Amino acid sequence: MGKNKNYNKNQFKKSKTNNDTTVAQQQQTIEEKPDFKIDGSILEGGGQILRNSVALASLFNKAISIEKIRYNRDQPGLKNQHKAGIDLMSRLFKAHLTGCSVGSCKLYYQPTQKTIQDDGVIEADTKTAGSICLMIQVSLPCLIFAPHSTKMVLGGGTNCDFAPAADYIQNVFLPIATTMGFKCEMSIDKRGFYPKGGGAVTLTTQPLTQPLSPITIVNKGEVNRIVIKSYFTSPRISPLVAERMNNTAKKLIKKDFKKVDVETELIDVSKFSFGDGTFIEIRAYTDQGCIFGATGNGAIGVPAEKVAEDAANSLLKDLQDGGCMDEYLQDQLIIFMALAKGKSQIKTGPISLHTQTSIHITSLMTGAIFTITPLTNNTQSGEETNLITCEGISYFPSDLNNNNNNSNSNTTTTTTTTTISTTTIDNQNSEEK
C-alpha cells in the first residue's frame with residue numbers, strides 16, 4: 001500500500017474582493033464579487049473545470065469567476081458546446097452571467113435562485129454538432145436535487161469526439177451512478193453525427209427523498225459478458241462498414257477473453273438520425289456488477305478497422321489495469337461521491353488528469369475530503385491501481401426537506417455546511433483539446 005494523498009484542500013483561493021462592476025442581465029447593475037476565483041488552466045485545463053464549478057456554484061448558490069479558460073488549448077476560450085451548457089445553467093438558476101461568449105477566456109457566474117423552478121420541459125440546443133452529453137454533465141448534479149420531477153430535451157451531437165457518447169451515458173454511467181439513489185431515465189431520440197449534429201436526447205429525473213447513498217465499487221470480479229454494437233446510416237453508408245467494425249473489435253477482444261460470450265449487433269439508425277455517420281460501442285460486464293465501456297466514431301478517411309481497433313484496445317487496457325471501471329467513469333463519479341452521505345470508495349486504474357481535476361474542483365467547492373491510496377500492483381499490464389475514498393458531505397437542500405416534511409416522510413436529513421480551505425498543487429497541462 002502506498003502513502004495516502006489528501007485532497008481536502010486546493011490551490012484555488014477564495015476571493016474577498018473584486019472591484020469590477022458590469023451591467024447584468026435584465027439591465028440590472030450587479031457588483032461582481034465571486035466567492036471563488038478559479039484558474040481554468042490548471043491540471044486538465046479544459047471544459048471539465050467549467051462544468052464542475054458551474055454545477056457546484058448552482059447547487060450552493062455561490063458566485064464564481066473563471067479565468068484562463070482552456071488557456072493551453074490550440075484554440076483557447078469557450079467553444080460553442082461549453083457556452084451551451086453554461087447558458088443552460090444560467091437559465092435554470094436565473095444567473096447573472098458575463099463573459100459567456102465563444103472564444104472568451106474569462107467568465108463570471110452568479111445564480112440568483114437556489115433551486116430549479118418547475119417551469120415545464122427544459123430545452124437546450126448546441127445549435128451545432130457540439131456534445132449533448134457535456135450539457136448533461138453540467139446539469140445532472142443539479143437536476144437530481146430539484147424539488148420536483150424534471151424533463152429536459154437537448155439538441156446537438158450525440159456521438160462526438162472528445163466527449164462521452166450518449167450511449168456511454170445511457171448504458172455505462174447511469175446504471176452505475178443511479179445505484180447511489182437518484183432516478184434518471186434517458187432516451188436517445190435522434191442521432192446527431194459530426195459535422196451536422198441535429199441529434200436529440202430526453203432526460204427525466206425524479207426528486208430525491210434523502211441524500212445520495214455512498215457508492216462502493218472495489219471488487220471487479222470476472223468478465224462474463226461483452227457487447228459490441230455498430231451503428232450506421234443507410235444507404236449512404238453500407239452495413240458492411242459496420243460489420244467490419246464489429247468483426248475487427250470481436251477478433252481483438254477474443255484474444256484476451258476466449259471463453260467469454262461476445263455479442264455483436266448491427267444497427268441501422270438512418271430513420272433516427274440527422275446526417276450520416278458510423279459509431280461503435282463496446283461494453284464489458286463482470287459478475288460483480290462492474291461495467292466498462294469504450295466507443296469510437298467513424299470519420300472520412302479513417303478505415304472502419306482503425307475505429308474498431310482503437311475502441312477495443314481502449315476497453316482492453318481498462319480491463320487489464322485492474323480497476324473496477326474505465327478511465328472515463330472514474331472522473332464522472334467524483335462530484336456525486338462528494339455530495340453523498342457517508343464514505344464512498346472506488347477502485348480504479350491509473351488516476352486520469354480529468355479525475356485529478358474533478359477532485360480538486362469538488363474539494364474546493366464542497367469541502368469533501370478525498371484520499372487516493374495506491375494499491376499493490378497485480379495487473380497484467382503493469383499499470384497502477386488506486387483506491388479513491390471520499391467522505392461525502394450529505395448534501396440535501398432545504399426545499400427537499402420541506403417536501404418530505406409535507407408528505408409526512410420518516411426520513412430525517414440535514415444540509416451540511418462546510419468550511420473550505422486551500423493549499424498548493426502542481427500546475428500541469430493537458431494535451432486534450
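Keep in mind that glycine also has a Cβ here, set from the backbone N, Cα and C atoms.
Noted in Swiss-Prot for the protein shown:
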ACT_SITE  His354  active site, tele-AMP-histidine intermediate
BINDING   Gln137, Tyr328, Leu329, Gln330, Asp331, Gln332  ATP binding site
COMPBIAS  1-10  compositional bias 'Low complexity'
COMPBIAS  18-28  compositional bias 'Polar residues'
COMPBIAS  401-425  compositional bias 'Low complexity'
REGION    1-28  region 'Disordered'
REGION    400-433  region 'Disordered'
Max pairwise CA distance, angstrom, over record-listed ATP binders Gln137, Tyr328, Leu329, Gln330, Asp331, Gln332: 14
Neighbours of Gln137, Tyr328, Leu329, Gln330, Asp331, Gln332 excl. site residues, C-beta within 8 Å of centre, ATP: Pro164, Phe173, Glu327, Leu333, Ile334, His354, Thr355, Ser358
Distance from His354 (active site, tele-AMP-histidine intermediate) back to Asp331 (ATP binding site), taken between C-alpha atoms, in Å: 6
Separation of alpha carbons, His354 (active site, tele-AMP-histidine intermediate) and Leu329 (ATP binding site) (Å): 10
Gln332 (ATP binding site) CB neighbourhood, other CB atoms within 10 A: 22
Between His354 (active site, tele-AMP-histidine intermediate) and Gln137 (ATP binding site): CA-CA distance (Å): 13
Other CB atoms within 10 A, centred on Asp331 (ATP binding site): 22
For Tyr328 (ATP binding site): intrachain residues, at least 6 apart, with Cβ closer than 8 Å: Pro164, Tyr168, Gly293, His354
